[in-house]
Each structure stands twice: as C-alpha cells, then as structure tokens.
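Working notes for the structure below.
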C-alpha cells in the first residue's frame with residue numbers, strides 16, 4: 001500500500017516524537033517574501049488527515065493535515081493585510097494568504113458551535129518540531145469529491161490504516177461525541 005500518497009507529512013510514516021513541554025510555534029505562508037506569520041502559543045490537539053474539499057492541501061496531496069489550538073493562543077503577527085476569508089458562508093472561516101493561497105488558520109465565529117474557541121491550523125507550516133502528530137483521518141470519502149476515483153478508496157483506507165490513521169467518514173468518535181453533546185446541551189437534555 002505504500003504507493004498510495006496521502007500527504008507529504010505522513011507518506012514516510014507518522015512521526016511520534018516528543019511533544020512534552022512543547023508550547024507552540026510560528027506558522028508561515030509559502031510566499032518568497034512578505035510572509036504572513038501566525039504565532040500559536042499552544043500545543044496543537046486533534047491533529048488529523050482531513051479529506052474534506054474545503055481544507056488547504058499541498059500540491060498533489062489527497063488530504064490536508066490539520067489540528068486545532070485555542071483561539072486566544074492564535075495571533076497573526078505579520079502581514080494580516082494579505083489574509084482573506086476563503087468562503088464567508090462556511091462554518092469554518094478559513095483565512096488564506098492572497099499571495100500563495102495557503103490557509104493559515106480557520107476560525108469558527110458561531111458561539112453555539114461545539115468547536116467555538118478552537119482555531120484550525122496546519123502545523124506543517126511551522127518550522128518548529130514537537131507539534132502533536134496526526135492521529136486519525138476524517139472525511140475520507142470526501143476525496144472522491146475532489147477527483148479520487150471511488151475504486152481507489154479501499155487502497156486509500158488501507159494506506160491510512162497502515163500509517164496508524166484510523167479512517168472515518170466524519171470525525172473521530174471523541175469529536176463526534178463533543179458535537180452531539182453540544183446539541184444535547186442546547187436542547188436542554190444535558191447540563
């Protein structure tokens with residue numbers, strides 16, 4: 001299965017280095033000069049390969065690799081004027097560099113959303129090591145929407161499993177539980 005390419009950050013194997021004590025780093029766009037930079041003053045969480053059609057992916061990748069960090073720990077530190085929201089109607093407001101197209105962070109503005117307060121980040125845009133490694137794959141079937149032939153999906157899922165990234169066609173069970181718990185709380189069924 002090694003011939004199925006997922007994403008450059010995981011194709012050679014998921015690196016499970018030491019994350020203890022890691023307190024964050026700086027994300028940079030891919031422009032040659034006047035780079036947009038975003039400081040993330042926190043370890044990332046829920047890092048995963050995402051097959052949705054909205055997330056930024058490097059050239060040729062079937063999946064993005066995306067994690068979350070607390071919103072109050074994510075700060076644009078250089079060239080905010082180059083950022084533009086990709087789709088203002090989307091739940092996740094993805095802030096992309098107008099120069100190179102890279103998504104620097106995604107933010108949820110709906111205070112009632114279960115993930116409000118968490119910003120989505122691409123740790124591969126950081127030169128610092130120590131970020132949490134990817135732990136699962138989400139929205140796997142969605143890569144069909146971006147051009148992967150359906151008859152390749154068994155091979156893609158096998159490769160994800162081989163890499164230790166359990167494939168889901170939604171989010172991981174813990175994140176789906178968080179979404180459902182939020183809905184139940186808003187309905188008054190849980191406190």
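Quick reminder: no glycine exception, Cβ is built from N, Cα and C everywhere.
As recorded in Swiss-Prot:
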DOMAIN    22-169  domain 'CENP-V/GFA'
BINDING   29, 31, 97, 100  Zn(2+) 1 binding site
BINDING   50, 52, 55  Zn(2+) 2 binding site
Can you count the other CB atoms that lie within 10 A of the CB of residue 50 (Zn(2+) 2 binding site)?
27
In sequence order, which same-chain residues at least six apart have a C-beta under 8 angstroms from residue 31 (Zn(2+) 1 binding site)?
82, 97, 99, 100
Taking the Cβ of residue 52 (Zn(2+) 2 binding site) as the reference point, list residues of the same chain whose Cβ is under 8 angstroms away and which are at least six residues distant in sequence.
64, 138, 139, 142
Let's see if you can do this one: DSSP helix, strand and coil counts over the domain 'CENP-V/GFA' (22-169), in that order.
27 helix, 51 strand, 70 coil
Provide the number of Cβ atoms within 10 Å of the Cβ of residue 55 (Zn(2+) 2 binding site), excluding the reference atom itself.
22
Please report the distance from the Cα of residue 50 (Zn(2+) 2 binding site) to the Cα of residue 29 (Zn(2+) 1 binding site), rounded to the nearest angstrom.
19
